[in-house]
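Annotation source TrEMBL lists active site, glycyl thioester intermediate at CYS168. Summarising the annotation, TrEMBL assigns ATP binding site to 19-24, ASP43, 51-54, LYS67, 112-117. If you look up TrEMBL, you'll see CYS153, CYS156, CYS431, CYS434 marked as Zn(2+) binding site. According to TrEMBL, the domain 'THIF-type NAD/FAD binding fold' annotation covers 8-432. Per TrEMBL, the feature domain 'Ubiquitin-activating enzyme SCCH' maps to 316-368. Feature annotation from TrEMBL assigns domain 'Ubiquitin/SUMO-activating enzyme ubiquitin-like' to 441-533. Look at TrEMBL and you will find 595-650 tagged as region 'Disordered'.
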Amino acid sequence: MDSPPPLSAIKDAKVLMVGAGGIGCELLKTLALSGFPDIHIIDMDTIEVSNLNRQFLFRQKHVGQSKAKVAREAVLRFRPNISITPYHANVKDPDFNVDFFKQFSVVLNGLDNLDARRHVNRLCLAADVPLVESGTTGFLGQVTVHLKGKTECYECQPKPAPKSYPVCTITSTPSKFVHCIVWAKDLLFAKLFGDKAQDNDLNVRSGNASTSDHTEDVFERRKDEDIEEYGRRIYDHVFGYNIEVALANEETWKNRSKPRPIYSKDVLPERLIKQNGNMDSASATDNPSSVSAMASLGMKNPQEIWSLMENSKIFLEALKLFFGKRKKEVGNLSFDKDDQLAVEFVTSAANIRASSFGIPLHSLFESKGIAGNIVHAVATTNAIIAGLIVIEAIKVLQKDARSYRMTYCLEHPSKKMLLMPVEPYEPNKSCYVCSETPLSLEINTHRSTLREFVDKIVKAKLGMNLPLIMHGSALLYEVGDDLEEDMVTNYAANLEKVLSELPSPVTSGTLLTVEDLQQELTCNISIKHREEFDEEKEPDGMVLSGWTPAPAVEKKDENHVDNGVGTSKNITNAEQVETNEDLEIVPADIEIPAEKKRKLSEISNNDGLGTSRVAAKTNNHSKVQDLDDDDDVVFISGGDSDPSKKRKLH
């Protein structure tokens, strides 16, 4: 297959691709056919059967193999003279540091989660390497360009808070299946297979303190206890005893349907006898994530809705396999949508709870969608977005700043437009990542520990992996492999102390410096003491702020004409589309002011949008979604586009 000679800007380019999934396969193919000579790919995932319908570089025989490596082999078959270097690894690994990123001409993202996106954004800023971001979900897609000091970075606009539910709804009065999924994933799975020391509302105590069964930690496996006995004891506690405790509060059920306690003896025979399967078949591969309770029990159809008995069998079998085949991981696990056994356990637990509360049951396929934030990808959208990524990458290599575009792919045409190009904005001066603006944290310094600050703010909110925390010249916390033993001990002790009792006390007015040496990111956080927080609205018990969201764009006069965009029906919350993870599918509603838009007829062929040059006019405001991409997972996030706060690049 011959191709025209590459542009001079492409000849010497060295490109880093992050992600080799839905967008990644299309992108690698397009880069190769466009003449890019030196391409590096990072992807930690292995190929699954569910990938094969759209990730066209992979075949059935490749299931279980590295995406990055197989993608390389596939492309080299039709472009043998280019260099492709694959890395079957996590982009957050220490090897991929700032020096590693500095060797590339441009970085192209095809990631599926917010945390990794933020990490790559920060490394690109530190290395001063241009980043082209992308994302798809269904028929919607987007491509954005980020250059240090010239355009907004990926984090210049605040991402909306994840959709959440009151704890009491999840633990006591679920009314939707998504509530049961959250309970099974974030409470039960975490309690059984994560850190058992964490507090949550599952370990309900009996009102009678002398009742030995419920004064002990029921989640602690007793000495010499048979695994099935342990599983049944957990089953009876969370689906039976806890429900009975909840029923004792009659006030709760005055206007609600009462749940029914479910005990294992009422659903299952005394000892389970496996049929049409065996435990060996549950782990036919060496990959722990491939261990399957379904395979062990001879169940094959993920789209079938299991009965209460089948869910109960899967529940006990999955628990047995975790403690039998994956015992070393127990205590350190967190839910992963690509972990088959974890999805089976969460599905069965959610269904048993749903059965107790009279909520319709769901199949494994449906449950995985809800638990894993899955919005199924469309191959055509991935191909369009991959093409747009390469177009923007070429502009970046040619240093053609005036032609850079953020381009949104729409599901439904508005005045014959399916692609909406928007000029990039200048950096947000209030961005704590690229402008180093101080942040503010309201927190109860007498009750909150350093560990809570690290977990809820430094890691969860700021996305730092290897944080270092300083108060003036005093080092309060640090992580790293080269620390001396006494330092590790001191920092571990600090984690358990409340902020006001640290060696260098943190009180109202304190300015903390938080660094991530891997990301080469530093930010300052001003501490403000606050006594009380609203448990429903502020469940973390602390509030981080660094900028004030700009006011919404005022509605224009009906006669005003602009290049508005009509998108597909927006996902407004996790309940409407039960295909979400952590209830983190949230609305975007990014307003593009009319003065920031350009008609397609005004865009030269060099913009490469591949559409007819039609002037599109409508009196509707546009709403575009900031899509997270690709491999089925999407955080639909957004930002603010007040024209008074942003300026186009010229």
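Cβ coordinates come from backbone N, Cα and C, glycine included.
These numbers come from a predicted model, not from an experiment.
Put plainly, the binding-site residues CYS153, CYS431 were compared by Cβ crowding within 10 Å, and the winner is CYS153. CYS153 (Zn(2+) binding site) and GLY22 (ATP binding site) are 24 Å apart (CA-CA, integer value). Considering only the recorded positions ASP43, ASN53, ASP112, ASP115, CYS168, the residue whose Cα is spatially closest to the Cα of CYS156 (Zn(2+) binding site) is ASP115. Residues in the domain 'Ubiquitin/SUMO-activating enzyme ubiquitin-like' (441-533) partition by DSSP class (helix H, G, I; strand E, B; coil) as 24 helix, 30 strand, 39 coil. The two recorded residues ASN53 (ATP binding site) and CYS434 (Zn(2+) binding site) have their Cα atoms spaced 39 Å from each other.
Least packed by the Cβ count within 10 Å, out of the recorded positions CYS156, CYS168, is CYS168. Residues near ASP43 (ATP binding site) in space but far in sequence (CB under 8 A, at least 6 apart, same chain), listed by position: VAL18, GLY19, ALA20, GLY21, GLY24, SER66, LYS67, ALA68, ALA71, PRO86, TYR87, HIS88. Annotated pair CYS434 (Zn(2+) binding site) and ASP115 (ATP binding site), C-alpha to C-alpha distance, rounded: 17 Å. Checked against CYS153 (Zn(2+) binding site) by C-alpha proximity, the recorded positions ASP112, ASP115, CYS168 yield ASP115 as the nearest. Averaged over the domain 'THIF-type NAD/FAD binding fold' (8-432), the predicted model has a pLDDT of 87. Counted within 10 Å of its Cβ, the other Cβ atoms near GLY19 (ATP binding site) come to 30, all protein chains included.
Sparsest Cβ environment among the binding-site residues ASP112, ASP115 (other Cβ atoms counted within 10 Å): ASP115. Checked against CYS431 (Zn(2+) binding site) by C-alpha proximity, the recorded positions ASP112, ASP115, CYS168 yield ASP115 as the nearest. Listed binding-site residues: GLY22, ASN53, CYS434; maximum Cβ neighbour count within 10 Å falls on GLY22. Neighbouring residues of the recorded Zn(2+) site, listed in sequence order and excluding CYS153, CYS156, CYS431, CYS434, comprise LEU125, GLU152, TYR154, GLU155, PRO427, ASN428, VAL433, SER435 (Cβ within 8 Å of the Cβ centroid).
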